[in-house]
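Only one structure is covered here, and it is reproduced in the block below.
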Amino acid sequence: MSEIRKHYFLHEYCIIAEERAKRPSDFAGAVRGSEKNDSENCVFCGGNEEKTPPATAVYKNGEVFADTGEKRVRNWDFRCFPNLYPALSPASSFPESFGKKSEVIPGFGFHEVIVESPVHGKKLEDFSDTEISGLMKVYRDRVCHYAAHEKISYVSLFKNSGKAAGASQDHPHSQLIALPVCPQVIEKELIAIRDAQKCPYCALLEKEKISPRLILENNDFIAFAPYYSTVPFEVWILPKKHISFLGELSSGLLFALGEILRDILRSYAKLFGDLPYNHMFYQLFETTEYHLNLRLLPRLSTAAGFELNTGIYINTVSPEKAASYLKGNE
Ligand SMILES: [Zn+2]
Ligand SMILES: [Zn+2]
């Protein structure tokens, strides 16, 4: 029997339809593996720094540098530079004010690539403690950098891993797009959060901590398959304390975040091998009402006519089952 499940605090629904017990191996066709990992001519690889725009931030042995003119910093750990094909650009002038009814706003914003390693085939699940917490620090720094800009209202930080997840480069990297507007998904959540007595994320955290959907936790974070899961093996990671954006994370918390993210990616790798997925941060720096969360969406299914028509996703693996697999119980 299928089940229509409502989102924790939004008027949104998904359908959990396990017509047959799907095992991770049933998704073999959606998993990469045959994709070639071509490091030749890769512009993100260490040594090819000239082939990208000058870096805005280069992390090397715990220090931060920037490329100056034609001179490029070598032997780096992490490297951030403007996307060569930006969705938004600081060159567009953004009006001092614009009404909500404005139909066209210049494409002002920032689009940055964060290269996670100079090594081509390196995977986040294989990062050392220093590398994974280093990357979380880069995430925090770059979000803070753009959050400080007076015309920026939202910073979208995400990773596309694998062609099916929208990656055009297979070298490990994340991206950041800083927007002059707050996206509707966040605004909708904010309205519901303001309507609630208590932060709905703090409330759902208490509930999921003792549910069969809990996958793992450390002192500061919890990872679970959400009750409202739109795709098979969706995972949410939440800080246990009410924190609104990455800028509030201490180095201890950054380490704990990197550790739990790496643990989930290792579970994915164990079940699926090279799984295409997106991970995305949801956060707000303009208000403390929001509760930071990181969502991982494996790309094992395709949104088709029904999903596009209704916004209701049909998920063939229940989050309870997914959590059990990710915990290594099955
Ligand atoms: Zn490369
Ligand atoms: Zn909260």
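Glycine residues also receive a Cβ, built from the backbone N, Cα and C atoms like all the rest.
Bear in mind that TrEMBL entries carry predicted annotations, made automatically and left uncurated.
The Zn(2+) binding site annotation in TrEMBL covers CYS42, CYS45, HIS120, HIS171. Under DSSP, CYS45 (Zn(2+) binding site) is assigned to coil, being neither helix nor strand in the three-state scheme. Around CYS45 (Zn(2+) binding site), the C-beta neighbours below 8 angstroms that are at least 6 residues distant in the chain are SER39, PRO118, VAL119, HIS120, HIS171.
The feature domain 'DUF4921' is assigned by TrEMBL to 146-321.
Its Cβ placed at the centre, HIS173 (active site, tele-UMP-histidine intermediate) has 19 other Cβ atoms within 10 Å. TrEMBL lists HIS173 with the feature active site, tele-UMP-histidine intermediate.
Listed in chain order, the extra residues whose Cβ falls within 8 Å of the Cβ center of the Zn(2+) site residues CYS42, CYS45, HIS120, HIS171 are SER39, VAL43, PHE44, ASN48, VAL119, GLN169, ASP170. Other Cβ atoms within 10 Å of the Cβ of HIS120 (Zn(2+) binding site) number 17 in total over all chains.
A count of other CB atoms within 10 A of each Cβ picks out HIS171 as the most crowded of the binding-site residues CYS42, HIS171.
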